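Trainee: I grabbed these lines from TrEMBL:
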TRANSMEM  12-31  transmembrane segment
TRANSMEM  51-76  transmembrane segment
TRANSMEM  83-100  transmembrane segment
TRANSMEM  115-136  transmembrane segment
DOMAIN    229-283  domain 'DUF2179'
């Protein structure tokens, strides 16, 4: 039994490393074929490597190694074994594929259109990074620095990464000295992050709706009849009235949200409704019938 578990675990790790390799290949292709020729910036360790390329001509593959080795040494005690393994592997794969595309660059004719470069670069970079993150991997870089800063300041990792990426991108623009590059990079980053979210969080988006109303039973029945959607009741209590109540929760597609709001407020104009984004909806009416 233990032997089978170990074999299963090793198979899982092998598959994840293979997926990380694929993700790094796609991401590296985007960087070398869309960012570099069009002087687009990037965040993270790759962004620092691009900054070194644009400023002193250092190859991106060399810059990637130089940037990540000291960060790995600094963050060694902060990473668990699996994270360390996947981070080192991700950095090696990223460096390898960047080196390949530096040597064997495929000429992509887009007529010098930097908007197309930003769009397709963002799509491919987001796909590549999304695949890496989906497998539990990382490409190193400022993530390690963010964890160290969080340890001493208590700030959120996401906020720290945003600040560090902002500094890296700003420095890149100082070197490149091109205002259009700023705009195209913003487009690139927007598309890249959206694609990452799509890959990692799932491809069935919708809206989660929480309904607090004294007419919740009537609302539930109407939603079931008119929209063929069910509600889940969550037991709650009013903090002021101290009365027990059922809070209705349901998930609908984006094009149904208008109809749902209209239906709720027609029954109870004083209903309290909150609407949130949800991702990767799995269940009847969405991923299967």
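Glycine is treated like the rest: Cβ placed from N, Cα and C.
Just so you know, TrEMBL annotations never went through curation; they're auto-generated.
Help me picture where these features are in the structure shown.
Mentor: Sequence-remote contacts of a segment are chain residues at least 6 beyond its ends whose Cβ falls under 8 Å from one of its Cβ atoms, and for the transmembrane segment (83-100) they are 16-17, 20-21, 24-25, 27-29, 31-32, 46, 59-61, 64-65, 68, 72, 76, 132, 135-140, 144.
The domain 'DUF2179' (229-283) scores a mean pLDDT of 89 in the predicted structure.
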Trainee: Using DSSP, break the domain 'DUF2179' (229-283) down into helix, strand and coil residues and give each count.
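Mentor: Within the domain 'DUF2179' (229-283) the tally stands at 14 helix, 22 strand, 19 coil.
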